[in-house]
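Below is one structure, written out as structure tokens; comments come after it.
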């Protein structure tokens, strides 16, 4: 009789674990492509020289929760133009991987750098609007940007 009591919860446990496994991605898990867009895309605006742009955007895009991200770049171009970089000039990533691509043309970006002495929870950023070639790492099917690797002044 004790055996019967232990057998009933096991299938229930299996069902619960399966449901949690299927539901997990929809419970806030974000793909690398979605994370790239959240952290780097700001298509609806122009590069800003406003000293508050980076402070506001870094907080709004959840990059100051628990710590201050030291550097981040926002791209002010249509998403499709940034996605098309994945089919442009292939370059080696800073970490040595070979899935990086450099934009053929310069793009409008804003670079955010943590100011000296700034510490969590009071993250303060210097805002620098620029026009540069961007380098992104691409993966997946469809092939899309998943990591902002760098920006460079010229195309060489």
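Heads up, residue numbers simply count up from 1 along the chain you see.
Keep in mind that glycine also has a Cβ here, set from the backbone N, Cα and C atoms.
Summarising the annotation, Swiss-Prot assigns active site, proton acceptor to 40 and lists similarity to another entry as the type of evidence. Shown in sequence order, 72, 73, 74, 75, 145, 148 are the residues of the chain, 6+ apart in sequence, with a C-beta less than 8 angstroms from the C-beta of residue 40 (active site, proton acceptor). According to DSSP, residue 40 (active site, proton acceptor) is assigned to a helical segment.
Around residue 147 (active site, proton donor), the C-beta neighbours below 8 angstroms that are at least 6 residues distant in the chain are 32, 36, 93, 136, 137. Residue 147 (active site, proton donor) carries a strand DSSP state (E or B). Residues annotated as active site, proton donor in Swiss-Prot, with similarity to another entry given as evidence: 147.
Mapped onto three states, the DSSP output places residue 71 (substrate binding site) in strand. Counted within 10 Å of its Cβ, the other Cβ atoms near residue 71 (substrate binding site) come to 10, all protein chains included. Annotation source Swiss-Prot lists substrate binding site at 35, 38, 69, 70, 71, 72, 73, 94, 113, citing similarity to another entry.
Residue density at residue 112 (disulfide bond): 21 other Cβ atoms are found within 10 A of its Cβ, drawing on all protein chains shown. When secondary structure is read from DSSP and collapsed to three states, residue 112 (disulfide bond) falls in the strand class. Under the heading disulfide bond, Swiss-Prot lists 54-112 (among others), citing similarity to another entry as support.
According to Swiss-Prot, the feature disulfide bond maps to 68-123 (among others), an assignment based on similarity to another entry. Residue 123 (disulfide bond): 21 other CB atoms within 10 A of its CB, across all protein chains.
Summarising the annotation, Swiss-Prot assigns disulfide bond to 86-138 (among others) and lists similarity to another entry as the type of evidence. Counting every protein chain shown, the number of other Cβ atoms lying within 10 Å of the Cβ of residue 86 (disulfide bond) is 20. Taken residue by residue with DSSP, residue 86 (disulfide bond) is part of a helix.
If you look up Swiss-Prot, you'll see 93-100 (among others) marked as disulfide bond. Listed in sequence order, 90, 91, 92, 93, 135, 136, 137, 138, 149 are the same-chain residues six or more apart from residue 100 (disulfide bond) with CB atoms under 8 A from its CB.
Under DSSP, residue 62 (N-linked glycosylation site) is assigned to coil, being neither helix nor strand in the three-state scheme. Cβ contacts within 10 Å of residue 62 (N-linked glycosylation site), excluding its own Cβ and spanning all protein chains shown: 11. If you look up Swiss-Prot, you'll see 62 (among others) marked as N-linked glycosylation site.
Per Swiss-Prot, N-linked glycosylation site is recorded for 116 (among others), and the stated evidence type is sequence analysis. In sequence order, the list of same-chain residues 6 or more apart from residue 116 (N-linked glycosylation site) whose Cβ falls under 8 Å from its Cβ is empty.
What Swiss-Prot records for 1-28 is signal peptide, and it gives similarity to another entry as the kind of evidence.
Cβ-based crowding with a 10 Å cutoff singles out 54 as the top-ranked of the disulfide-bonded residues 54, 68, 93. Packing around residue 35 (substrate binding site) is summarised by its Cβ count: 12 other Cβ atoms lie within 10 angstroms of its Cβ, all protein chains included. Classification of residue 35 (substrate binding site) by DSSP places it within a helix.
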